[in-house]
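Undergrad: Handing you this structure, nothing more for now.
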């Protein structure tokens with residue numbers, strides 16, 4: 001019996017059951033991934049005990065020599081990974097990374113161009129329920145109805161009309177390659193700063209499988225999980241000229257002490273991402289996504305924009321009797337985890353939606369490849385044809401579990 005099981009069996013049980021879910025179910029949420037044992041060991045270390053307000057060499061607490069080493073490793077590896085002039089690894093999340101950039105560049109009421117959440121953007125790109133939409137004047141851009149890809153002509157027209165101080169680029173549900181150079185050209189035309197939120201595609205960028213935003217943007221933010229496969233957290237890359245202002249907007253601007261155990265885990269993840277194996281892994285993510293997209297379409301599903309260039313796809317259910325909510329719940333019963341998601345020009349509420357978002361990073365970490373993607377598409381089709389048949393969904397879950405047992409990940413934790 002472990003120390004935790006002995007002291008708090010309720011929490012220990014919840015952790016064990018969640019470990020079983022991650023081990024035996026099929027995880028297809030595009031924003032989730034599974035970290036290595038090395039990353040978890042760093043995050044579960046004694047560094048969780050250390051306060052370290054400030055930055056390496058300039059702390060407000062004593063005893064920071066060891067955490068300075070760790071943070072400098074994370075910074076140097078991040079800069080090497082993305083070819084950036086400056087990196088701040090302290091943001092607790094992607095949202096806080098974005099907030100720090102907003103506060104570095106903007107004053108309340110300034111105009112910002114950001115991708116419409118309903119078209120694949122993110123809450124922090126100007127949603128009225130988020131700080132970004134409350135503090136700043138947001139002008140949303142989106143995708144075309146015909147291609148369901150970013151309407152660069154509309155972006156330029158809106159930029160010329162509204163003269164934004166900043167253009168926010170990036171998405172949380174966009175399956176196509178983003179043309180960062182086009183955004184840079186538009187921004188230069190109106191004198192705007194460019195902030196790219198590459199949270200979803202950071203791993204692909206690191207591996208050279210998606211164009212890098214770093215040469216085209218003053219600021220690049222990201223989460224450190226998702227395709228980057230690190231701990232849950234955030235990071236900001238920027239040009240050296242903005243480093244001092246940016247750092248002060250993280251601390252003391254919007255955060256106090258950094259989470260040094262998480263920064264240690266980030267450092268480990270960045271080392272992993274610098275390896276040749278990581279590039280192979282990212283290529284497999286993309287290969288799996290393309291294979292799954294083709295297999296889903298062969299099973300009769302419609303995908304927004306007709307496919308994918310990256311790690312995710314949006315299944316458009318608007319022409320079926322299903323909603324995203326119903327599909328998510330049925331797939332969950334079948335041992336397949338996805339999330340309901342709005343599609344461009346969706347007429348349903350965000351709580352119901354007309355689509356589901358599917359991603360391949362976590363399944364690829366398990367070791368699944370193209371042959372399994374055909375099976376996965378079959379499982380999804382079978383489940384969504386039987387949303388009201390709990391017995392059938394349970395039978396599909398059994399097949400999913402059987403497949404996943406061939407690809408162990410955390411089995412030592414269940415011994």
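One is the number of the first residue shown, and numbering goes on along the chain from there.
Heads up, the Cβ atoms here are built off N, Cα and C, so glycines get one too.
So Swiss-Prot lists these for the protein:
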- 117, 121, 122, 123, 241, 349, 350, 351: (6S)-5,6,7,8-tetrahydrofolate binding site (BINDING)
- 225: site 'Plays an important role in substrate specificity' (SITE)
- 226: N6-(pyridoxal phosphate)lysine (MOD_RES)
Undergrad: Including all protein chains shown, what's the count of other C-beta atoms within 10 A of the C-beta of residue 225 (site 'Plays an important role in substrate specificity')?
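TA: Its Cβ has 26 other Cβ atoms within 10 Å.
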Undergrad: If I restrict to non-local contacts, at least six residues apart, and a C-beta distance under 8 angstroms, what lies near residue 122 ((6S)-5,6,7,8-tetrahydrofolate binding site) in its own chain?
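TA: Counting only residues 6 or more apart in sequence, the Cβ neighbours of residue 122 ((6S)-5,6,7,8-tetrahydrofolate binding site) under 8 Å are 115, 170, 171, 172, 197, 199.
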Undergrad: Starting from the Cβ of residue 117 ((6S)-5,6,7,8-tetrahydrofolate binding site), draw a 10 Å sphere and report how many other Cβ atoms land inside it.
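TA: Excluding its own Cβ, residue 117 ((6S)-5,6,7,8-tetrahydrofolate binding site) sees 24 Cβ atoms within 10 Å.
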Undergrad: Please state whether DSSP places residue 241 ((6S)-5,6,7,8-tetrahydrofolate binding site) in a helix, a strand or coil.
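TA: Where residue 241 ((6S)-5,6,7,8-tetrahydrofolate binding site) sits, the three-state DSSP reduction gives helix.
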Undergrad: Around residue 349 ((6S)-5,6,7,8-tetrahydrofolate binding site), how many other CB atoms lie within 10 A of its CB?
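TA: Total other Cβ atoms inside 10 Å, all chains included: 10.
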Undergrad: Here the binding-site residues are 121, 350; which one has the lowest number of other Cβ atoms no more than 10 Å from its Cβ?
TA: 350
Undergrad: Within 10 Å of the Cβ of residue 123 ((6S)-5,6,7,8-tetrahydrofolate binding site), how many other Cβ atoms can you find? Include all protein chains, please.
TA: 16
Undergrad: Out of the binding-site residues 123, 241, 350, 351, give me the one sitting nearest to residue 226 (N6-(pyridoxal phosphate)lysine) by CA distance.
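TA: Minimum Cα distance from residue 226 (N6-(pyridoxal phosphate)lysine) across 123, 241, 350, 351 lands on 123.
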Undergrad: Would you say which of the recorded positions 226, 241, 351 has the most Cβ atoms within 10 Å of its own Cβ?
TA: 226
